[in-house]
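Peer 1: Among the features that TrEMBL reports, compositional bias 'Polar residues' is placed at 1-16. The region 'Disordered' feature in TrEMBL is assigned to 1-26. Marked as repeat 'WD' by TrEMBL: 20-61, 63-104, 106-147, 147-178, 190-231, 233-265, 334-368, 370-403.
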Amino acid sequence: MPSSDTSSDSEGNTRTPKPFEGHTDDVWDVAYSPDGAWIASASNDGTIRIWDSKTGLSVGQPLIGHKDGIYVIAFSPQGDRIVSGSDDKTLRVWDISTQEVVLGPLDGHTDVVNSVQYSPDGQLICSASSDRFVRLWNAQSGECTTTLEHPNKLTLASFSPCGAHVATACDDNMVRVWVVATRILLHPPLAAHKSEVWSVAYSPDGRFLASGSRDCTICLWDTDTGKLCRRPMKGHRLAVSSLAFTNHGQALISASYDRSLRAWDPVTGDCLWGPMFSDGRVNGISVSPTKHVVACGRGYSMCIRDAMSGKLVLPEGHEPKRYKGNLMLTIGSVNSLAWFPCETRFATAGFNDTIRVWDAKKNKDSIEVFSDQTIGTTSIDISFDGSMLVSSSEDHTICLWNL
């Protein structure tokens with residue numbers, strides 16, 4: 001997949017893009033690839049974009065094919081395909097390497113597709129729709145093999161880690177857990193929320209099922225008994241829009257329409273960090289295989305945070321500076337990022353003329369700041385042995401730094 005490292009403005013001048021620059025409408029969903037190398041994003045602009053998870057820069061061309069906004073996406077367990085669901089009521093399956101549709105459009109839903117997910121073994125695709133149905137599709141042929149009817153519209157459906165069950169979030173205030181093989185409920189509907197359920201997520205070990213609701217609360221259920229583990233977790237001021245456990249289950253990350261992210265201890269129910277606020281409401285989140293969480297929302301925005309501390313990773317770290325002519329660069333932008341070979345440190349460059357070095361394992365300020373260029377640094381890279389850094393600048397110079 002070719003990398004889109006540069007772009008051109010209306011006058012044909014090339015420039016270095018900023019992290020996650022490209023969508024032209026709200027971003028509804030994000031997903032990490034299984035190896036954490038890529039982030040896929042789905043937008044109301046009708047496109048899917050692939051990003052380098054370390055730099056936030058666009059990779060390849062946008063995936064175009066849906067006839068309306070794309071609400072949801074998910075990688076296959078092998079990481080070679082992406083399934084998407086759209087307001088056009090269809091699903092499409094994309095090959096990452098060719099950037100082409102290999103299955104679909106998959107027709108069957110009669111309303112917007114709100115959720116898609118691959119089964120852990122990659123053999124099935126699960127979709128949930130406002131038409132009140134969950135559909136299970138053969139991931140190789142695209143054939144719909146199962147339909148599960150609900151009394152109200154569905155926001156999300158999620159496979160259990162073993163793939164034997166599917167949990168659903170429904171607008172009748174209930175959570176349901178279905179047995180895939182028999183198409184029957186594992187427990188009676190799980191009732192604790194006082195308003196529509198908008199999100200469900202399994203812990204990696206399958207012990208817990210979390211649900212988030214428009215009533216602003218999060219419930220944690222014992223998957224063996226179908227009973228509440230404790231009283232609902234409270235803190236968000238508006239609907240809980242998305243939930244995701246960290247890779248080892250130490251934390252449950254929640255996103256809300258109150259523009260915030262929070263992290264919770266699934267054992268005690270205590271809030272570990274947050275609220276961390278964004279510029280607009282948070283629509284979706286995804287947790288990497290390591291320790292990062294990517295969030296998306298209104299204003300075609302995306303950001304990456306450390307899942308255990310909440311600290312912003314991208315874009316972050318450089319304050320705006322006033323230049324000659326009273327020009328204020330107000331984005332506070334990181335416009336280039338480069339990782340050291342050991343992947344425990346990384347460097348960032350910002351429009352305030354500084355280059356900063358960070359320790360990825362520490363929740364602290366940058367460990368080194370340096371600059372010798374007079375106008376914003378546009379790009380940086382680090383040598384294979386980690387000893388040298390090269391930077392380019394808007395003052396038409398290139399500098400080589402001994403690290």
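Heads up, the Cβ atoms here are built off N, Cα and C, so glycines get one too.
In TrEMBL, annotation is done automatically, which means it is predicted and not curated.
Worth saying up front: this structure is predicted, and the values here are computed from it rather than measured.
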Peer 1: At a C-beta cut-off of under 8 Å, are there same-chain residues at least 6 beyond the repeat 'WD' (63-104) that contact it? List them, or none.
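Peer 2: For the repeat 'WD' (63-104), the far contacts come to 1, 25, 28-35, 38, 40-50, 110-118, 120-122, 125, 127, 129, 137, 139, 141-142, 284.
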Peer 1: What counts of helix, strand and coil residues does DSSP assign across the repeat 'WD' (20-61)?
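Peer 2: For the repeat 'WD' (20-61), the helix, strand and coil counts are 0 helix, 22 strand, 20 coil.
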Peer 1: Quickly jot the same-chain residues contacting the repeat 'WD' (106-147) by Cβ under 8 Å, restricted to those at least six beyond its ends, or write none.
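Peer 2: Contacts with the repeat 'WD' (106-147): 71-78, 83-87, 89-93, 153-159, 161-163, 166, 168-169, 178, 180, 183.
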Peer 1: What is the three-state DSSP composition of the repeat 'WD' (147-178), stated as helix, strand and coil residue counts?
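Peer 2: For the repeat 'WD' (147-178), the helix, strand and coil counts are 0 helix, 20 strand, 12 coil.
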Peer 1: For the repeat 'WD' (63-104), what's the mean pLDDT in this predicted model?
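Peer 2: Summarising the repeat 'WD' (63-104) by its mean pLDDT gives 96.
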